[in-house]
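Structure first, then comments.
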Amino acid sequence: MLIPSKLSRPVRLDHTVVRERLLAKLSGANNFRLALITSPAGYGKTTLISQWAAGKNDIGWYSLDEGDNQQERFASYLIAAVQQATNGHCAICETMAQKRQYASLTSLFAQLFIELAEWHSPLYLVIDDYHLITNPVIHESMRFFIRHQPENLTLVVLSRNLPQLGIANLRVRDQLLEIGSQQLAFTHQEAKQFFDCRLSSPIEAAESSRICDDVSGWATALQLIALSARQNTHSAHKSARRLAGINASHLSDYLVDEVLDNVDLATRHFLLKSAILRSMNDALITRVTGEENGQMRLEEIERQGLFLQRMDDTGEWFCYHPLFGNFLRQRCQWELAAELPEIHRAAAESWMAQGFPSEAIHHALAAGDALMLRDILLNHAWSLFNHSELSLLEESLKALPWDSLLENPQLVLLQAWLMQSQHRYGEVNTLLARAEHEIKDIREDTMHAEFNALRAQVAINDGNPDEAERLAKLALEELPPGWFYSRIVATSVLGEVLHCKGELTRSLALMQQTEQMARQHDVWHYALWSLIQQSEILFAQGFLQTAWETQEKAFQLINEQHLEQLPMHEFLVRIRAQLLWAWARLDEAEASARRGIEVLSSYQPQQQLQCLAMLIQCSLARGDLDNARSQLNRLENLLGNGKYHSDWISNANKVRVIYWQMTGDKAAAANWLRHTAKPEFANNHFLQGQWRNIARAQILLGEFEPAEIVLEELNENARSLRLMSDLNRNLLLLNQLYWQAGRKSDAQRVLLDALKLANRTGFISHFVIEGEAMAQQLRQLIQLNTLPELEQHRAQRILREINQHHRHKFAHFDENFVERLLNHPEVPELIRTSPLTQREWQVLGLIYSGYSNEQIAGELEVAATTIKTHIRNLYQKLGVAHRQDAVQHAQQLLKMMGYGV
């Protein structure tokens, strides 16, 4: 729960001086990106902005405290303040902030600005006490916020120092409105108004001016002088002389003498006790101070001018002026040291009664009360964990003695899940092993099953599927039906293990079961994970259309539950890119891969390896080797600067080997082949991919026999495990092996099998990347006119893609080629005496590439009748009567010029 007072603008009090000159300057705040109010404590920053904000509706107010250095807490309150200003306009961001479903503050802010694009009225967001922020991530995120905020939004920041928000840049671009301590200092006229409101007997203008000069217009000093004068301890001028030259850091002695020593003992204790509360209401005050009628007491303190301010319009919440509050807390530690733990305990109990466990934990920690802290965690820790209050939980668990954790194994489990969420896998197992060793009878307890479920998750994450399977099975055997979270975890792990083993049908069933349980209990990240796994399994089985539909369900879940910022979102858009690539929808595949990189923008660059490999695949399918080389340089740099799972390395190696094949770089392939991992098995699509990389490198090096052994074994495994997409890929590579080895009939046989299987998988680009060798074979099959209709259609589509992206259309028939051809000693006399025009050479190249008359007309952007004329002329000049004769003639010319066709 969010504390309401942190989102409430301070109430404009009676008897305050209206700062007309400063309000006039602030009236143009909507013309600036940032309004920055800076000064030391006590110059009236908050009072000024509360005056300016009075009557404005489109304004959100966020009062910071030290706890707001936690990124998740900062995000929750900031978005809540925007919601306050827009009357709930940014619902998606609100849900993302509440559920912590964002990758970083900057990505959350980016989503916020998308929603605010539809908000056209002026909008203001006030952040008070920004000097309390010390987290550099928040500073960087707020710089991003200011750079990208909508034009109709003005950020108003109040701080005791110059914040790290790119101020100089804003100042140069005239996008900064600044008010500093010199402007905030009271003028003579304002000081006179101030004393007239506060003192029963007015003082002369000259006297108030001298006082104002003595304290340099410092508002807090003026307030202290008025307080002293009312209490008749000193004359106003004497107080002013004493305060002259004093700043906020030297006020303690003065405040003791002039404030605390001049109130009765009951009020003194009330001030000291209540000061431990960062914000307070009637119930908190009554519990912490022991006084009845807490609200009445607060209002009385307010009337006495003891630096208490209202935090909301209802008058329910109060807080002390920061300067005075800090002073009181220091005095409380000195004067009430023995009582302080009990005071904090009372505060914790009251916050708990009002439903604010995070505030209660703050006071339980301050009280040093391990038992209270334990009880709060037992009741609320998992809720805080699910809301990503990880720093607070970690601090709390560290404060508990080990014996307390052992007595409450669920807290040990919580600590282990914290470690797991931070990828500290080794520490998880060490912690659980120590706990099991010391907790009596835990092996017969359900908690042991929960430990095993977590251990199973750690094992699969750490690349140990056998151990993960053993632990997941143990957990499922021992867990009661009602322990749904651990059952979801164990079921998911078991499904993933079976996926790794190639048992796809069983794995799919378990992942569907995981999805059902996760949806039932609102465990959305496991629901998303199970859908992603289902899609991968269906892709491996060759059911790409069903995989697509499963991905659509996952995208829908992301939208409904606002999971866009989870790293798993990158996984989903990446496998969508793989599917689009397979279907030769390259522009969409590239856009999806780039979206994945965007999702991971706030993570280490190494996390982008898989999406970068996907971008390279798109470049390779287009035949854009220059772009592929540029991207490969970055990929190889990432490979050399990170530790990756074997699946990631295999995917990265795939595009490297294909690039070497396309460029004929045998040296690079040979060097890689000497050092690359040779997996023991090939029983899943990850391992199949690595062995396919090895076979492709062997084919490039002319090592046909070992490559054939590899591919035949891969096919045997793929058929046995029904890895139909892998079988399709393997057949295409086997085709290239046979073709280059001169075994043309074998090459044609496996190509026909690959085309038939592609009716199921929909593969296009897997054929395209094999380039001209594939194009030649497809031309021959098309010319034979013996392919079934579906295969014929696919062959033509593949050929068009090859021609489009790899530029084989008429590359061999350009002007330079024709000139060399005509000067060749073996050129047919008919061509020498009746040379073709350049356009006719182009048409011959397109006929050779398998284009129909309509396609040639479209390619050359001329009428179909014109193409018929060109064809008739070139047939006559070549001395041929049919299209097949023209193709054979072109093939002979290419062979004569040294092209292997």
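Cβ atoms here come from the backbone N, Cα and C positions, even for glycine.
For 853-872, the entry in Swiss-Prot reads DNA-binding region, with the evidence type sequence analysis. Annotation comment: Swiss-Prot describes S39, P40, A41, G42, Y43, G44, K45, T46 as ATP binding site, evidence class sequence analysis. The feature domain 'HTH luxR-type' is assigned by Swiss-Prot to 829-894.
The DSSP secondary structure for G42 (ATP binding site) is coil.
One way to see the shell of the ATP site is to take the Cβ centroid of S39, P40, A41, G42, Y43, G44, K45, T46; the remaining same-chain residues with a Cβ within 8 Å of it are R160, S181, L184, A219, T220. Within 10 Å of the C-beta of T46 (ATP binding site) there are 20 other C-beta atoms, taking all protein chains into account. A C-beta separation below 8 Å, combined with a sequence spacing of at least six in one chain, links Y43 (ATP binding site) to S181, L184, A185, W218, A219, T220. Cβ environment of S39 (ATP binding site): K45, R160, G180, S181, L184 lie under 8 Å away, each six or more residues apart in the same chain. Over the DNA-binding region (853-872), the average per-residue pLDDT in this prediction is 86. With DSSP classes pooled into helix, strand and coil, the tally for the DNA-binding region (853-872) is 17 helix, 0 strand, 3 coil. Sparsest Cβ environment among the binding-site residues P40, A41, G42 (other Cβ atoms counted within 10 Å): P40.
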